[in-house]
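Student: One structure is given below, represented as structure tokens, and several questions about it will come after.
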Amino acid sequence: MDHCGTLFLCLCLLTLQNATAETWKELLRYMENMQVSRARSPSFSFRQLHQLEQMLLNTSFPGYNLTLQTPTIQSLAFKLSCDFSGLSLSSATLKRVPQARGQHAQGQYAWGQHAMQFPAELTQDACKTRPRELRLICIYFSNAHFFKDENNSSLLNNYVLGAQLSHGHVNNLRDPVNISFWHNQSLEGYTLSCVFWKEGARKQPWGGWSPEGCRTEQPSHSQVLCRCDHLTYFAVLMQLSPALVPAELLAPLTYISLVGCSISIVASLITVLLHFHSRKQSDSLTRIHTNLHASVLLLNITFLLSPAFAMSPVPRSACTALAAALHYALLSCLTWMAIEGFNLYLLLGRVYNIYIRRYVLKLGVLGWGVPALLVLLSLSVKSSVYGPHTIPVFNSWENGTGFQNMSICWVRSPVVHSVLVMGYGGLTSLFNLVVLAWALWTLRRLRARADAPNARACRDTVTVLGLTVLLGTTWALAFFSFGVFLLPQLFLFTILNSLYGFFLFLWFCSQRCRSEAEAKAQVEAFSSSQTTP
């Protein structure tokens with residue numbers, strides 16, 4: 001009986017081993033079929049990917065781990081327990097692990113260097129349900145054909161590294177998952193952003209790349225370290241670097257923006273309140289100035305709220321709405337600058353004798369209505385135009401460079417940013433510069449006449465310079481953010497335009513005092529003429 005029992009046990013173990021080997025072969029065939037069928041639609045590819053995940057989660061294997069590999073896909077499965085203390089994987093150690101390879105394999109596949117480090121916190125939530133066994137699976141791709149987004153983004157090494165834990169999703173880890181990518185050349189000159197694949201994040205149902213929950217660091221010139229608070233498929237987006245902001249300048253620039261915008265908010269609010277207090281006595285020129293102050297007030301408020309709304313606890317819809325409001329405020333401010341230039345042209349060109357029926361009402365429709373139409377048009381064409389926008393900031397260390405992804409709620413589409421931000425602002429600045437040059441030429445011609453007092457001509461020149469410089473020309477500094485001009489441009493642009501509302505307030509006060517002095521002088525002149533016999 002003992003011999004029969006032993007023989008029966010051996011037969012069972014042999015049958016189980018054969019069944020396990022057949023399961024591995026089936027998994028390998030499935031992975032090879034995924035490589036062949038990757039040219040099909042992305043939705044079909046993701047159905048295959050989800051099927052592979054389920055097969056890895058449910059397959060049986062002896063020991064602690066299983067590794068399967070084809071030329072472009074590497075699959076790993078690990079048995080975990082609730083006393084999990086962390087796990088580190090790297091391409092160097094994986095080469096030494098016994099692997100099952102596809103039938104077309106010839107030796108060791110050439111995979112670049114990468115690594116993943118999982119914290120002990122990974123299994124805490126799953127262990128609350130007391131499962132008998134946890135399973136961690138990792139799927140690595142050396143080809144990004146399965147993850148094509150609408151922008152055809154370039155990925156570092158074309159690598160996509162994925163991980164998933166059985167018994168639910170893993171999110172909001174306090175101790176992040178560390179994913180490292182190495183390249184055989186220096187990555188200087190590129191903007192590198194750690195991203196994950198978010199299904200349903202774009203118009204395509206299969207999703208797109210998103211930087212949410214990931215922090216990008218660069219310990220060396222050829223390494224990128226991603227620290228992410230969840231499990232999914234990770235990669236590093238690459239693009240040629242724009243002019244990056246040094247991290248040591250971020251704090252002073254933020255402080256200047258905060259103080260300057262706060263002062264401008266108070267100044268613009270006072271101006272608007274003064275206008276409503278003396279509304280019956282205001283003329284069309286004052287109403288135009290007040291509308292400009294209102295647009296600057298809205299611009300400063302939305303700008304200060306933008307970084308806070310881009311943080312993860314805030315719903316994405318709120319960030320999208322604020323980004324649209326910020327863009328609308330900027331377009332309104334630029335439009336009212338152009339209206340100020342146009343009004344100045346009419347005042348000087350028509351020799352202060354102009355009447356247009358419902359002039360201010362028509363300008364109001366132009367100044368507030370056209371920007372609203374442009375923003376609504378952008379939203380209707382592409383709903384993802386607005387949202388969290390990442391600004392790369394770099395740290396220079398002795399042993400490398402680190403990148404921080406500072407986010408604000410802003411325009412995400414490069415086309416919309418080029419046309420409706422830079423293009424719109426460029427046209428406004430150019431128009432005001434042309435008006436400035438024409439106004440100076442006109443005043444110089446008036447000063448040359450004998451009947452034009454020099455003092456008044458000079459005063460008018462100062463007025464036009466102050467008005468036109470404050471109403472648009474400082475925004476032209478945005479076009480000098482390159483090369484040696486970058487650092488001076490950053491500080492000049494931040495100082496001048498954050499205090500823009502305050503400068504307008506000073507000009508408003510000077511004009512108000514000037515008009516009151518002129519009115520008082522006229523009253524005194526009239527009184528003296530009445531008393532003269």
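Cβ atoms here come from the backbone N, Cα and C positions, even for glycine.
Computed from a predicted structure; not experimentally measured.
As listed in TrEMBL for this protein:
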SIGNAL    1-21  signal peptide
DOMAIN    78-244  domain 'GAIN-B'
DOMAIN    253-512  domain 'G-protein coupled receptors family 2 profile 2'
TRANSMEM  255-276  transmembrane segment
TRANSMEM  288-310  transmembrane segment
TRANSMEM  322-347  transmembrane segment
TRANSMEM  359-379  transmembrane segment
TRANSMEM  421-441  transmembrane segment
TRANSMEM  462-484  transmembrane segment
TRANSMEM  490-510  transmembrane segment
Student: Would the transmembrane segment (255-276) and the transmembrane segment (322-347) count as touching if the test is at least 3 Cβ pairs under 8 Å, pairs 6 or more apart?
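Tutor: No, these stretches are not in contact.
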Student: Could you give the residue numbers and ranges of same-chain residues that sit at least 6 residues beyond the transmembrane segment (359-379) on either side and whose C-beta is under 8 angstroms from one of its C-beta atoms?
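Tutor: Contacts of the transmembrane segment (359-379) (Cβ under 8 Å, skipping residues fewer than 6 from its ends): 284, 287-288, 291, 295, 324, 327-328, 331-332, 335-336, 339, 343, 385-386, 413, 416, 420.
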Student: Using Cβ distances below 8 Å and needing 3 or more such pairs, separated by at least 6 in sequence, tell me whether the transmembrane segment (421-441) contacts the transmembrane segment (490-510).
Tutor: no
Student: Does the chain bring the transmembrane segment (322-347) near the transmembrane segment (490-510), so that three or more CB pairs sit under 8 Å (pairs 6 or more apart in sequence)?
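Tutor: Contact between the transmembrane segment (322-347) and the transmembrane segment (490-510): absent.
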